[in-house]
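Enquirer: Below are the features I grabbed from TrEMBL:
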type	residues	note
TRANSMEM	B:12-31	transmembrane segment
TRANSMEM	B:43-64	transmembrane segment
TRANSMEM	B:84-103	transmembrane segment
TRANSMEM	B:123-143	transmembrane segment
TRANSMEM	B:150-170	transmembrane segment
TRANSMEM	B:182-207	transmembrane segment
TRANSMEM	B:219-242	transmembrane segment
TRANSMEM	B:273-294	transmembrane segment
TRANSMEM	B:306-324	transmembrane segment
TRANSMEM	B:336-355	transmembrane segment
């Protein structure tokens, strides 16, 4: 009996020691210093970089079709510290861009492993920029499939389009900017301008892609290391391919239709004096109503906005009276109507894509009718009569009371 | 059964155990499974109705228990339908609990293998998991209940915090139209939601341990309402953020819901690891109670010590755990378990209840006749 007890005790001690082995922590850890974190990605039509052509000449490579040139923006290890210390090593950029040409995106990403000492990881990917020509050849399903499937890349990643090479939007002039973070920061500026549309993340996109609905993606252009959000790319529902570009004015019109602007301005000209009057948008609301008459669908849109008179070039010493405010409101309404006309014509007649969400409204108000026509929605939409009314309300004139 | 007085649990603890057993792998997949069947944003209505059905089933089970206080289903079903057939049903229950345990742990390894511990061999994480669970259940029902009492509030608070942070990116239009295509899609989604409430059957066993067995109805209703609330929020948030079309394309929609936003400026930017932590705790509690219920069944059927059954069941569960070859087989396995539970716990308790009432009625009649 005594022996048994001892044996049990020995066993217990042995097991305790065994469990210690399980306590040593992470089994398959990767130290952050041994990883390359990529924060931005650019997808372009195949065009090999100089380095790639040289490497190709020297080495052999797998059989792959050259369809896509893929650019990764990798944050340099020390960049965080560098940002803090002004005047330290100013000659190196805080990021590096590397490119690879081929077809399967995952193959391309893994290709970097044979070029760099530290493997790349996607946990911190912030933004994907897709070239518009490329998106014209391949559907979003094909281009984004890997990102939606991968377990590192988060669905909160933003997707942007570029009418120029996407690679260029991931470059910056100075040595203090990480271009992907700059793009992210610019998206946050929505409360100052109507030209930036609500950010499209992978998680929103996949719903739209699966529903085969049309949508807008912010267009970004780049030159000499500077970037600008300019207009938006239209992705057509059925094909999920790039359909065309909306100019800045057309985009403004579409934004007014959706009522999803956070803040911005309307510049108009006073009818009487032909001088500039600028209206600052404080709130913006749009109400789309759908009507069905047999198989015919029609919409009307009520747009309401409140704001401030922020700039006024008319020279008159008289204080601003109701009549002038009325005139200013009419002028701004006229300008908005013009923008809407432009935008609506483009999306409805040229592109035949419902990027505003008329279909969603129809689904909410007349779900039965929507089920019947949703397969052919973009065509039905292109024929649907749409009327709109704009109502502006200037609530104050800022700190200055007179003209 | 002679139960040690210290093995008694109170009504709240019973409710907590029911909640913890229900909340399991379903949290992460419920919205997809339902949206696939329903195809409309009315998933939350399906959850609501599914919950009500679950409550009805729970009430039936609890009422059945009331007639046999101090006894578990393994014992009294032998009284109702006879020794051999009752034993057979008891064995089916044991198999069911083992499969549930294996299924839950397998789901756990799939998720952790994808999002948390890529590269760790699944058996390593599972073994540790099972041993820790064994450690808890060897202690009996009371330690289990007390631990669950700690786990549940933590789960609820963190879960609400994490999912409700998604409100920022919720688009109400994704949840509309309500009942746009009538009630049929809602009913189609019901099956999936009823599945997610399986686990309430544990009340068949719990009542025997309760200090106040006559309050078992209350315990089971409270125990179901809690997960129902959590499921409702999950359904509304997942559909509202990802839209129906988005949800059906995702393997783990609730995780994707949390991965869809980042809050900059806070200590944490990302919350999926928090969600995974509480989810793992829930799987742990589901697993523990399932094995406990199965072992209790074995020990009462064959008159062996319950601890021995626990040790014996672990390897069996481990083998079942390893059976599904891929994730599709796993979800087929999950559906299979769901179907079994529907028959085992939807129909059997009703039959048992009717039989016991009829038997009682007839004995009373004979009593009257004799007197």
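Glycine residues also receive a Cβ, built from the backbone N, Cα and C atoms like all the rest.
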Enquirer: Could you check if the transmembrane segment (B:306-324) is in contact with the transmembrane segment (B:84-103), meaning 3+ Cβ pairs under 8 Å among residue pairs at least 6 apart in sequence?
Expert: yes
Enquirer: Are there residues at least 6 beyond the ends of the transmembrane segment (B:123-143) whose Cβ is under 8 Å from a Cβ of it, and what are they?
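Expert: Answer is 4, 6-9, 105, 108-109, 112, 117, 209, 284, 287-288, 291-292, 295, 307, 310-311, 314, 317-318, 321.
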Enquirer: Which sequence-distant residues neighbour the transmembrane segment (B:150-170)? Criterion: at least 6 residues beyond either end, Cβ under 8 Å.
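Expert: Cβ under 8 Å, 6 or more out: 16, 19-20, 23, 27, 226, 230, 233-234, 237, 240-241, 254, 257-258, 260-261, 263, 271, 274-275, 277-278, 281-282, 284-285.
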Enquirer: So are the transmembrane segment (B:219-242) and the transmembrane segment (B:84-103) touching or not, going by 3+ C-beta pairs under 8 A with a sequence gap of 6 or more?
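Expert: Checked: the transmembrane segment (B:219-242) vs the transmembrane segment (B:84-103), no contact.
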Enquirer: How about long-range neighbours of the transmembrane segment (B:43-64): same chain, 6 or more residues beyond its ends, C-beta under 8 Å?
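Expert: Hits for the transmembrane segment (B:43-64): 18, 30-31, 34-35, 175, 178-179, 186-187, 189-190, 192-194, 196-197, 200-201, 203-204, 207, 216-217, 219-221, 223-225, 227-228, 231-232, 235-236, 239, 244, 345-346, 349-350, 352-353, 356.
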Enquirer: Where else in the chain does the transmembrane segment (B:273-294) make close Cβ contacts, counting only residues six or more beyond its ends and a cut-off under 8 Å?
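Expert: Contacts of the transmembrane segment (B:273-294) (Cβ under 8 Å, skipping residues fewer than 6 from its ends): 17, 20-21, 23-25, 27-28, 93-94, 97-98, 100-101, 104-105, 107-108, 111-112, 115-116, 129-130, 132-134, 136-137, 141, 144, 147-148, 151, 154-155, 158-159, 162-163, 199, 202, 205, 254-255, 258, 309-310, 313-314, 317.
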